[in-house]
């Protein structure tokens, strides 16, 4: 299935039905009074996150999604039927934005998360509601309200813990296929990867993390060159970036240091926040470097690249060094996850609504005071 991570659609909620102005007409009931029912509410449009969907292709060609209108009210106190709601199923990680106002409507981050993106109009009131002591036969009624109508932008950002960065043919797809259950296409030419791939890396029972491989970047990607710039958004939710560098390129004229610096520059141009994410350096294809030259080549690269962060030497093809890297990544993610939970607990403890519980008062109320 083709990978589509962006779409624009129009969602139209149903209009509310009109109220009815009707009088009760029955034999032996000379002054029946009003009996006009209310109109039904219009149907709403909902978005639901579904982990079994991984693309927005259903919305690339289906541009208009409209719920049904509510039925009009009728006499004999008959209320109009409400319009049926419609549900749009989208991948987990979809961001829904109003194109006219720029408002963030929803960020679908959990399976089965449901958000209303267009509300149906309220039904009108029948003349039954306007009866009073001075107006025993009201003729007034109200019309239904129109439903919301929106042009929305759908943007998919995959949910992954770790993202892979690197030039085309750096070995990213080989690495993700070596350490996870992902089976991306692998070949000896650039841009083999045309869409993001996700893989689950398991380091033990109930111990795993998700890794994302995106198409390789080239110089000028932030201005639109190549394929990588349009997929960089998929790395914005990650907690760690692995910068994979080919230390043994087939073309001897290629400088690994220059390529690595180009990746860093493109990252900075695209998004400063993404550039500031924790980043580890992974030197790949060391099986292609003679063993007696390996240490010197790694040292020379680190010196020229001016890198002082974590460094891992691997061979994605043979698996050398991959296991240690995966364990280190898992430990890092677990440590920072615990730190984040601790920070949230501190924020909660500082909340004035919970001070009673901190002081041991079991009867202290939770939540805002009246």
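Cβ from N, Cα, C; glycine included.
Note that the structure is a prediction, hence the values are computed from the model and not measured.
Per Swiss-Prot, the feature domain 'Obg' maps to 1-159; the stated evidence is sequence analysis.
Under the heading region 'Disordered', Swiss-Prot lists 127-147. When Cβ-Cβ distances below 8 Å are used as the criterion, the region 'Disordered' (127-147) is approached by residues 12-23, 31, 33-39, 42-44, 67, 69-70, 72-73, 77, 118-121 of the same chain, each at least six residues removed from its ends.
Residues annotated as domain 'OBG-type G' in Swiss-Prot, with sequence analysis given as evidence: 160-334. Along the domain 'OBG-type G' (160-334), the predicted structure has mean pLDDT 79.
As annotated by Swiss-Prot, GTP binding site applies to 166-173, 191-195, 213-216, 284-287, 315-317, with the evidence given as sequence analysis. Counting every protein chain shown, 22 other Cβ atoms lie within 10 Å of the Cβ of residue 315 (GTP binding site).
Counting every protein chain shown, the number of other Cβ atoms lying within 10 Å of the Cβ of residue 173 (Mg(2+) binding site) is 24. The Mg(2+) binding site annotation in Swiss-Prot covers 173, 193 and rests on sequence analysis.
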Under a three-state reduction of DSSP output, how is residue 285 (GTP binding site) classified: helix, strand, or coil?
-> coil
